[in-house]
């Protein structure tokens, strides 16, 4: 019997509220129990065809009322328990991270100075600005002082808000002042609690994303479980709380969840508008709080470009997403004080190229298969050619020095060029820019994530390729998929996540730091797949099983597989997670505490310190003194200043080092034993080796590299306390880890 539908009904953009409700109830009931849903779906189809039934005439009126009421009740019950599970997972995770952090650093029993030193990874200096905002006479006064900051980098007046992306500290300090937080919680606990609260939002967004895609909140619980088990590869919040990505990535996860809901076909207009507003707001905040966010959104933009090019999502939705991106970029440009990096960002170039290419190729999605493939290649050519041209013109009008450096860095990274440049080589030696080791994949395999991820990705990718072929062949997208269709790759939100995980996964194979962007979504995508009846139905449809009804088997598999996985994870990893909370760890850096105490008590308030960027970040945090550099690897100018500060570990004369330090207006220089006497298995990545290569103080003999210079290594020679080193420097403090030398303002020639 042929089902009669109006053109509006077939369109995914014009479905009425009553039809949407009926379709959603059919889908939810089908996932709950296979046989009952089939009967209800048959009844609804009969009503659509003309209301014919074997029952008395009054039955067609009473049956839908009962069906809608019971279906609505079931839906509300599932929604209630799902939201309860999401909130419970978020609260438990935030509590777990707080307890783990306290046990790891003995945070609650430390003094204020010792607590601040626990901010590792060079991230502590961000917290200094939070303290500054709280000690300022008013919020407005503190904000002004940060915009004309001359107490951070020696000899420079900078806009610290723009240069260091300090909006998280500004917002947190404003809320602390506004709520009177000083009456009931210490500033550092409020700051740390805000970060852990955002991590709760992070896992909630992942929970909701997998729930929306699979139709069951069990997927959300499995997502959070995998996220916690693989914590070393999903987050850095347990050891470097103030890092920008710990503030930004929760907003990105909310943006991805909102985008997932917005791309879905089975969504009401009110829900779609809510998703769109959330998408717009979180995109703006993400751009606001992290200097690298536009690169992440560029990769996401490539995923959306593929969706649009293959005609897998309505053109109206893509236009709305472009408006959200452009609006967020414009607002971020204003809030970042007209930052030129956003104008020359690859994200803006991609958006301009996409909009112009769509305007010039309005009939790209029409015609036979061969013609559409040719138009598709032309479309990609137009997008990237236009984007590259736009970026080139912007860089000519608004010079951005970082862009050229990034290209040179990538050339060296991929083996297209070699360099002796210290800054390039030290970045290549950073762990986040190296390829991930085998232990990363071993951890994912042991937690059972990687095997199931490859299974889910393979099924979704093959189904997506089938959908792309059908679209290029001119077949329309099915607006309201049924379980028995077995087309998991025809859902726009699933297709997006296939592209998302492939692109970010490719980057994670090249750069170890990208795993923090990829692994959380691996957990989410895998949990969606094993809990999705549509995915198992797709597999069974390909296998063409006849021994058992495929709908029943897909429902059984979508329940049994996550149950078995969850039980095995609970049995193996629950004791380990609880043991982490009971394990007493000891973290106490006595030498650093002694150094900072000496600076606070003996050094002048206007003193300027030179040293390694990581140590200077701690000095700035705990003493407020001006420094010569900070550990910000996205700022080329700071990296160049760091190179000058690192010269105390090179093989240069005392006079050369003195000239470098006085040019930076340094009053004291801190030499670290851990750098001066570094014994690393990776010899080419030691600071002193990189300096020798950059300063041409090396000789090559039979493939080996040896350091050679007429001067000894400065950090060793200065400890000998003989001329000419004593002419330029005077030792004023030392312990096992640090030696502090005063840079003499008047040179005394002693022999």
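Just so it is clear, glycine is given a Cβ too, placed from its N, Cα and C backbone atoms.
As stated in TrEMBL, the feature transmembrane segment covers range 188-213 out of the listed 136-161, 162-187, 188-213, 214-239. TrEMBL tags one of the stretches 55-75, 76-96, 97-117, 244-264 as transmembrane segment, and that stretch is 76-96. Residues 450-472 are the range that TrEMBL records as transmembrane segment, among 427-449, 450-472, 473-495, 588-610. Residue ranges 310-332, 402-424, 517-539, 632-654 are listed, and TrEMBL annotates 517-539 among them as transmembrane segment. Per TrEMBL, the range carrying the annotation transmembrane segment out of 1-19, 20-38, 343-361 is 343-361. Of all ranges given (273-290, 291-308), TrEMBL attaches the label transmembrane segment to 273-290. Per-stretch counts of Cβ pairs under 8 Å to the transmembrane segment (450-472) identify 517-539 as the leading one among 76-96, 343-361, 373-394, 517-539, 551-570. Listed by sequence, the residues of this chain that lie at least six past the ends of the transmembrane segment (76-96) yet keep a Cβ under 8 A from its Cβ atoms are 28, 196-197, 199-201, 203-204, 207-208, 211, 217, 220-221, 224, 227-228, 577, 581. Recorded stretches compared: 188-213, 373-394, 517-539; the one with the most Cβ pairs under 8 Å to the transmembrane segment (551-570) is 517-539.
If you look at the transmembrane segment (188-213), the same-chain residues 6 or more away from its ends with a CB under 8 A from one of its CBs are 82, 85-87, 89-91, 93-94, 97-98, 101, 107, 112, 115-116, 127, 130, 172, 175-176, 181, 219-224, 227, 235, 237, 241-242, 246-247, 249-250, 253-254, 256-257, 260-261, 264, 491, 493-494, 497, 520-521, 523-525, 527-528, 531-532.
With a threshold of 8 Å between CB atoms, the same-chain residues lying at least 6 positions outside the transmembrane segment (373-394) that come near it are 305, 309-310, 343-344, 346, 348-350, 352-354, 356-357, 360-361, 364, 367, 472.
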